[in-house]
Amino acid sequence: MKFTKGHGTQNDFVVLPDVHIKRDLSVAAVQALCDRQRGLGADGVLRVTTVGAALEGGVLAEKPAGVSSEDWFMDYRNADGSIAEMCGNGVRVFAHYLRSVGLEHRDEFVVASLAGPRPVRINSWSQLTADVTVDMGPVKEFGAGEAIVGGRRFSGLAIDVGNPHLACVDAVLTTEQLRILDVGAPVTFDEQLFPDGVNVEVLTAPSAGPANTVHMRVHERGVGETRSCGTGTVAAAYAALRHIGQRTGEVVVNIPGGQVRVTVTGESSFLRGPSMLLADGEISDEWWGGIGACG
């Protein structure tokens, strides 16, 4: 089976073109693929298919609201094999892949996800890199909570961007303190507020100046710390705006993997950032057949 390796601000993925759902992406298969010692290594897997094929293949039980059977469907799996509703960095890489291999000839089209339709605009692209804007949909705030990250307690906003987030703005946190924080360690959070788990973002307060700029690190549900999280940057941008008494505006978010720009409006939110497709290859049938025996 062919694959492409790509990343969006160093949030990396194995892209599998499997339009007709010929492979079973079992938990074991995804875990093995994403393992950085015995597999290709990635934060997640992006299967390329369509809504119609996903319905026929049993990947989707029902059609997500607002999409058509002909729309591309991003079947996204976390590194632990769990199914995720949405991944903003993944959508950029997914859209770039479609354009680069000729499966899509438009610069503006819809990528469907379990969280619903995500319209994308490819601002520029080459076989290697792309600049992509994703309409991430409305940001929904549904409360406040706390998390313990790296032994430190943080307060934040509970935010839905198609998946759950706790975005914690710390007014006294310096960029150096953020840099050395142990974000990779298991986090503690309110399981009643987040019964299905949560992505936790820790960020500095917005800097003064014409551009609201923050620094962020993230512990992703089902993965651990990643170099970037697209939906997490949107949640962080919204929390940063709320911190300065706003609900709309633009925020530049710096993550360990690079920088993205988030715009929050009254109706939606937009994530603009890079994508890179760095390698193509083929996974042998023998490897697929031996997944269960991999040590």
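Note that Cβ sites are derived from N, Cα and C of the backbone, with glycine treated the same way.
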Same substrate site per Swiss-Prot - residue from Asn123, Asn163 joining Asn11, Asn78, Gly88, Asn89, Asn199, Glu220, Arg221, Gly230, Thr231: Asn163
Those binding-site residues listed as Gly88, Gly230, and which of them has the most Cβ atoms within 10 Å of its own Cβ: Gly88
C-alpha spacing of Cys87 (active site, proton donor) relative to Gly230 (substrate binding site), in angstrom: 6
Check: same-chain CB within 8 A of substrate site center, minus Asn11, Asn78, Gly88, Asn89, Asn163, Asn199, Glu220, Arg221, Gly230, Thr231: Ala84, Met86, Cys87, Gly90, Val218, Val223, Thr226, Cys229, Gly232
Reduced DSSP assignment, Cys229 (active site, proton acceptor): coil
Alpha-carbon distance [Gly88 (substrate binding site); Cys229 (active site, proton acceptor)] in Å: 7
